Amino acid sequence: MASVVLIGTQWGDEGKGKVTDFLAEKADLVVRYQGGNNAGHTVVAKGEEFKLHLIPSGILYEDKTCVIGNGVVVDPKVLLEELAYLSERKVKTGKLLISSNAHVIMPYHRLLDALEEDSRGEHKIGTTKRGIGPAYMDKTLRIGIRIMDLIDDEEFAAKLRRNLQEKNNLLTKVYGVEPLDYDAIYQEYSGYAQKIRGLVADSSLVIDESLKAGEKVLFEGAQGTLLDLDHGTYPYVTSSHPIAGGACTGAGVGPTRINRVVGVIKAYTTRVGEGPFPTELADETGELMRQNGHEFGTTTGRARRCGWFDAMIARYAVRVSGISDFALMKLDVLSGFEKIKICVGYRVNNEVIYEFPQSQKIFKACEPVYEVIEGWQEDITGVTHFEDLPKAAQDYVRRIEQLTETQVTLIAVGPGREQTIVRGEIF
């Protein structure tokens, strides 16, 4: 038995898709355990770029079983569009399974998401308006529609009718918009049910049997540590649990079955949407990072905010997820900078703190305390061994290891599978 949880350690967009794709080669089962189509993964395989939002990145390996776990909220329309996209790209998807316990994103979830975000005015939290939050709200309220309900005509009809009455009251009386039509939604979603029925499974059982058989299981997280509902920069967070603990509840597996936790972390920092960002660079340096790193969201196309590496965030991610290894991404983007800065603390109210603050009020007031190190000018996109990196790049990696007390096991020097420096085995 070997199982690895792969998580994002910053605000998402760290490059998890590439690392999942890289590790999936040795895995037998790849499991997505939280989030929805608000997440985006970009994977480059055999020179081709694939953009995925819901289906695990391991789908690009035909012999791997991929599972959408119970912790995921599924928009069936998006799922079928993604399956069609992969089919057009000649990718076989016959080994995809969907948890019967996963919750379904409904049209009223998407509509309410947009209306609620727009009503916040200057207090927007940066939602993607894809219905993720409202779907998780219904899950918590115990009125959600699960995949198992969707494929049961009687259950689906009853739950949809009950929910739609409540949602239409909200839409008409609070937001002043037209109500949604029951028959139209029922017909549309019944059609989806027929198409996905053969993919539905008891995913927890599938994972359990795989582990008992000694197979290798990779749990793929979406978003990142600082977007976690409990441990992120609340309220600028997602509605699920991207940290390692989320894999247990979102996939139906006990914590003693997890062997390693790999934290995916960029060699610099990015953030999409609202909220504090101490190392943000609103200047030419930040713009250079954005252009060199192609920092535009896979899901939204929004330009990502860019800044220097923040060791405070990295240490915090290690603490809340028990990270055993880092996968350091986009080291090549830093080539050409004469000096590189690392945030090693925060200055707030004339005091320097060295732990990530819980209060957003304090976090917003934080100014970065930087350590400046030498940069490198060489193109490193073709380097395959750590010892062949420029000394300054090696020193940068080692300094991150020192500051986080965590080994950097994988280093990405480009988007391709082959552009990965391996310093130790994960599986």
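Placement of Cβ uses the backbone N, Cα and C atoms for every residue, glycine included.
Cβ neighbours within 10 Å of His41 (active site, proton donor), excluding its own Cβ and spanning all shown chains: 25. Here Swiss-Prot flags 12-18, 40-42, Arg304, 330-332, 412-414 as GTP binding site.
For Asp13, the entry in Swiss-Prot reads active site, proton acceptor. Classification of Asp13 (active site, proton acceptor) by DSSP places it in coil, neither helical nor stranded. Every protein chain shown contributes to the tally, and the Cβ of Asp13 (active site, proton acceptor) ends up with 28 other Cβ atoms within 10 Å.
Residues annotated as Mg(2+) binding site in Swiss-Prot, with sequence analysis given as evidence: Asp13, Gly40.
A simple way to gauge crowding: the CB of Gly40 (Mg(2+) binding site) has 20 other CB atoms within 10 angstroms, across all the protein chains here. The annotation IMP binding site is assigned in Swiss-Prot to Asp13, Glu14, Gly15, Lys16, Asn38, Ala39, Gly40, His41, Thr128, Arg142, Gln223, Thr238, Arg302 on the grounds of sequence analysis.
In the three-state DSSP scheme, His41 (active site, proton donor) is classed as strand. The feature active site, proton donor is assigned by Swiss-Prot to His41, with sequence analysis given as support.
Annotation source Swiss-Prot lists substrate binding site at Thr298, Thr299, Thr300, Gly301, Arg302, Ala303, Arg304, citing sequence analysis. Mapped onto three states, the DSSP output places Thr300 (substrate binding site) in coil.
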Query raised in the report: When you measure from the Cβ of Val413 (GTP binding site), which residues in the chain that are at least 6 apart have a Cβ under 8 Å away?
Result: Leu331, Asp332, Ile380, Thr381, Gly382, Val383, Gln419, Thr420, Ile421
Query - Three-class DSSP secondary structure - Lys18 (GTP binding site) - result: helix
Query - Asn38 (IMP binding site) as reference: those recorded positions from Asp13, Gly15, Thr300, Gly301, Ala303, Arg304 with C-alpha within 10 Å of it - result: Thr300
Report task. Quick one: of the binding-site residues Thr42, Gln223, Ala303, which has its CA closest to the CA of Asp13 (active site, proton acceptor)? Result -> Gln223
Query raised in the report: Among the binding-site residues Gly12, Lys18, Thr42, Thr300, Ala303, whose Cα is within 10 A of the Cα of Thr128 (IMP binding site)?
Result: Thr300
Query raised in the report: Relative to the Cα of Gly12 (GTP binding site), which of the binding-site residues Gly40, Gln223, Thr300, Gly301, Arg302 have a Cα no more than 10 Å away?
Result: Gly40, Gln223
Report summary line: Long-range Cβ list for Arg304 (substrate binding site), cut-off under 8 Å, min separation 6+ in sequence, same chain only, gives Asp13, Thr270, Arg271, Val272, Arg290, Glu295, Phe296, Gly297
